[in-house]
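Visitor: Here it is, the structure, as structure tokens.
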Amino acid sequence: MGIQGLAKLIADVAPSAIRENDIKSYFGRKVAIDASMSIYQFLIAVRQGGDVLQNEEGETTSHLMGMFYRTIRMMENGIKPVYVFDGKPPQLKSGELAKRSERRAEAEKQLQEAQAAGAEAEVEKFTKRLVKVTKQHNDECKHLLSLMGIPYLDAPSEAEASCAALVKAGKVYAAATEDMDCLTFGSPVLMRHLTASEAKKLPIQEFHLSRILQELGLNQEQFVDLCILLGSDYCESIRGIGPKRAVDLIQKHKSIEEIVRRLDPNKYPVPENWLHKEAQQLFLEPEVLDPESVELKWSEPNEEELIKFMCGEKQFSEERIRSGVRRLSKSRQGSTQGRLDDFFKVTGSLSSAKRKEPEPKGAAKKKAKTGAAGKFKRGK
């Protein structure tokens, strides 16, 4: 789920924090990608006649086709992807995971009813709601990536938290995921729609945390409190407080604790046994991989092993896979060329061809605590 309504809220109250770019704008950029989110997208989008792709044995192959071709597309545009896989979910997420199981059970029931009624559109809708990324999906994608010469990392816990740590440490330019809580984990730059289908023609959205904090007049700890009020995967929110009200309250009272002290408990009852302090700690001090121990390396694809796996085992067309391997090898030759701005120190929150807007007076003071939650210093 991420953070409820955060993307729309930022668009409404801090629009200068969002840029929209074409994929070609990221030539030479290293990007940490939330692997589970991407695989989920592939299982939803890569379909034939409404059903997931399967081989003759009935094994799902949509995730492999999506991972293979979307990764090649990124490489052809000069992007160097590193996929980060989820580890063990934090205990705080158990409530959210239980709710998801309940929703899947309800979707299963509705699917059976739609099938009995012959309602094709409803069948497709509820089938997609049952999609779940499994350990087998993850393991097969890891194997595919290793054969393609694309690096991947196993996070100890939430992938988006480790993606954020890689950005903060300067190992990659941005974190790519649809989950907005990557910003709550402190990622300086978040990219959305990077692995979306080309057919959707969605521009890549780029969110800059420093500009969000500046526009809202918040530090990272206060932004975390705002996100908890909006609704996250880790604890309940206070019912009756919408996005605009949440912003007003955090700007006025500066912390959840002070907000709770001032609220009318009859009008805005605080959840029983509210775990907001635990959620604060999880966002500010998440369990992440050590960026300094990470060495990212992109290597030549292993064509024959790819053929053996994708064609021999998974029954993809050999002609198409070999064509993909040729594209991948060719893209590596072009992507070795670096970006010009890699050779210079880039200042400001928006380092792009677009001119940076002048900062309002006093903004420097507001930025003093930006990124205070991060454990890692940004690399050179």
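Every residue gets a Cβ built from N, Cα and C, even glycine.
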Visitor: Quick check on the annotation: Swiss-Prot has Asp179, Asp181 binding Mg(2+) 2, so which of Asp225, Asp233, Asp248 does it put in that site too?
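Guide: It is Asp233, as the record lists it for that site.
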Visitor: Out of 273-281, 291-299, 336-344, which range is noted as region 'Interaction with PCNA' by Swiss-Prot?
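Guide: My reading of Swiss-Prot: the region 'Interaction with PCNA' range is 336-344.
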Visitor: With Asp86, Glu158, Glu160 listed by Swiss-Prot as Mg(2+) 1-binding, which of these, Asp34, Asp139, is given for the same site?
Guide: Asp34
Visitor: Please give the average pLDDT for the region 'Interaction with PCNA' (336-344) in this predicted model.
Guide: 53
Visitor: Between Glu158 (Mg(2+) 1 binding site) and Lys80 (N6-acetyllysine), how many Å separate their Cα atoms?
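Guide: With distance taken Cα to Cα, Lys80 (N6-acetyllysine) is 22 Å from Glu158 (Mg(2+) 1 binding site).
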Visitor: Whole-number Å only: compute the distance from the Cα of Asp34 (Mg(2+) 1 binding site) to the Cα of Lys80 (N6-acetyllysine).
Guide: 14
Visitor: In angstrom units, rounded to an integer, how far apart are the Cα atoms of Lys80 (N6-acetyllysine) and Asp86 (Mg(2+) 1 binding site)?
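Guide: Just about 20 Å between their Cα atoms.
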Visitor: Of Asp86, Glu158, which of the binding-site residues has the most Cβ neighbours inside 10 Å?
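Guide: Selected residue: Glu158.
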